[in-house]
Amino acid sequence: MLPCFPLTFQTNCNRYMGYKTHSLQDMRQQAAIAAKVFLQRDYTNGTVCQFQTKFPSELETRIDKQQFEETVRTLNNLYAEAEKLGSQSYIEGCLACLTAYTIFLCMETHYEKVLKKIAKYIQEQNDKIYAPRGLLLTDPIERGLRVVSCALVFAVARIFRLLRSVTYK
Amino acid sequence: MSAVMITRKVRKWEKLPGKNTFCCDGRVMMARQKGVFYLTLFLIIGTCSLFFAFECPYLAVHLSPAIPVFAVLLFLFVMAMLLRTSFSDPGVLPRALPEEATFIEMEIEAANGNVPAGQRPPPRIRNVQINNQIVKLKYCYTCKIFRPPRASHCSICDNCVDRFDHHCPWVGNCVGKRNYRYFYLFTLSLSLLTIYIFTFDIVHVVMRKYQTHRCIVWPASPETGFTVLEVLVCFFTLWSVVGLTGFHTYLISLNQTTNEDIKGSWSGKNRVQNPYSHKNIIKNCCEVLCGPTYPSVLDRRGLMQDISPVSATSATLSSSSSVNPVPQTTKTTAPLIPNEHTPDDAKPNIAASVQASPSPKEEHPSASKLPPLASPETDVETSIAKDKTH
């Protein structure tokens, strides 16, 4: 259960400096401030890699709940497919054992193939759905399959433009 | 004295925390203490060499050529499994990056509420329900994460390892989720090899003496001295390795780890049953031995930027003597806070107005800049908790 707490800019902040010059208030660069939300793992079915589908409240203003849950559900299904204990994994395991696991030097494991699929899916989702809304999903493999992190990107230039329009009225 | 920043690309394994040693540019990962591992190698290779040199020629001629052939195959399998266990990532969980660690700390703070001054905050435990059993997830103060179920922190390697079994000095590595099946196959094949060599040593001695003297006489020749040595090594190895294989077969059939067995997590004193077991021996064995091969989540060979300061005066001195070629290519506009959003080009430094103090690099999980939520009481608790869990 994620407790609701107000997003503050001091905590969970990452900043990067851009090169664009801005004539507004002597700002020579445009900063994008990212706050991050972390989706934790769901262990109700054991140690299989599944993520919680609970919709974080910080994303309420950014994205549709259904859309987000659909993304997480698809991710969960892909991970379940990777870790499935079926005839394919048994055959792969036995064959690898007979060759003293040297077969993995030339062959990709089923899990690695699915991980590539997952990476492609996340990139696709970012390009089509999340980036236009100012969100960025990070592939959980980069965080040790512990969390799915979703970065909320704020463009400061936009905020300053809004402030300027309010001041000059 | 002004400091000049040098950025260079390094492999991530060079900056990983923990007490592992890496070889072959990050492809090989082992614990620091490798002495016992070298002993294991010496014993196996030494004994097998003696067997191939002294017993096999005789047995191949007088009994069957299949004997040394099978011995060679078995020996190669044992070595492959040993090296695979020793050199692979056991399932190390990467430490939390600063923002994730801060997020978790804030969640804990929110969950604990207001702790009265002077009182110790409650221990950091998260309860999850797995297959209708309540399992407690402990917080790791070193890695700054709530450990997934079945994970444990190895104090020798200073890493949290997923499905931690034990740290084996004989293989010079931890045994965890990713290399457990190789470890089991190593012990199993080593048992078979030991029994095989032991049996054929005895057969060899008996055959030789019966052929020459038509009765069993105690050997007096030097070749048989080596045979005696092999028999001794095999005899002592047999008891330990076969016992270990039997123990791990028992654990696999119940889908338990050595760590859980030692701690008595599912021993039934609290009527808590193992939630990970399929309640079927065959299914448990299939899952552990023939399950999917998990990939390493620790990126060892990825590239990252390493920013190291070099003092300007030393740089100018050395540039004049042209011993140190680095200062000529120094970038003076290295980003102060690089993270995954930082483009590769160098960015102008804003320093004072933006950031009061330099924050830790995103790729380097030093996590030394976390908000000081731990009070002196929790530091004591941390050390006690660490001792208990390690």
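Note: Cβ is positioned from N, Cα and C throughout, glycine not excepted.
Straight from TrEMBL, the features:
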- B:314-330: compositional bias 'Low complexity' (COMPBIAS)
- B:367-376: compositional bias 'Low complexity' (COMPBIAS)
- B:136-263: domain 'Palmitoyltransferase DHHC' (DOMAIN)
- B:314-390: region 'Disordered' (REGION)
- B:36-54: transmembrane segment (TRANSMEM)
- B:66-83: transmembrane segment (TRANSMEM)
- B:182-206: transmembrane segment (TRANSMEM)
- B:226-247: transmembrane segment (TRANSMEM)
Count up the helix, strand and coil residues in the domain 'Palmitoyltransferase DHHC' (B:136-263) according to DSSP, in that order. 73 helix, 19 strand, 36 coil
Folded-back contacts onto the transmembrane segment (B:66-83), same chain, C-beta under 8 angstroms, at least six residues removed: 40-41, 44-45, 48, 51-52, 56, 59-60, 171, 182-183, 185-186, 189-190, 192-193, 196-197, 200
As a test of reading the model: what is the averaged pLDDT for the domain 'Palmitoyltransferase DHHC' (B:136-263)? 89
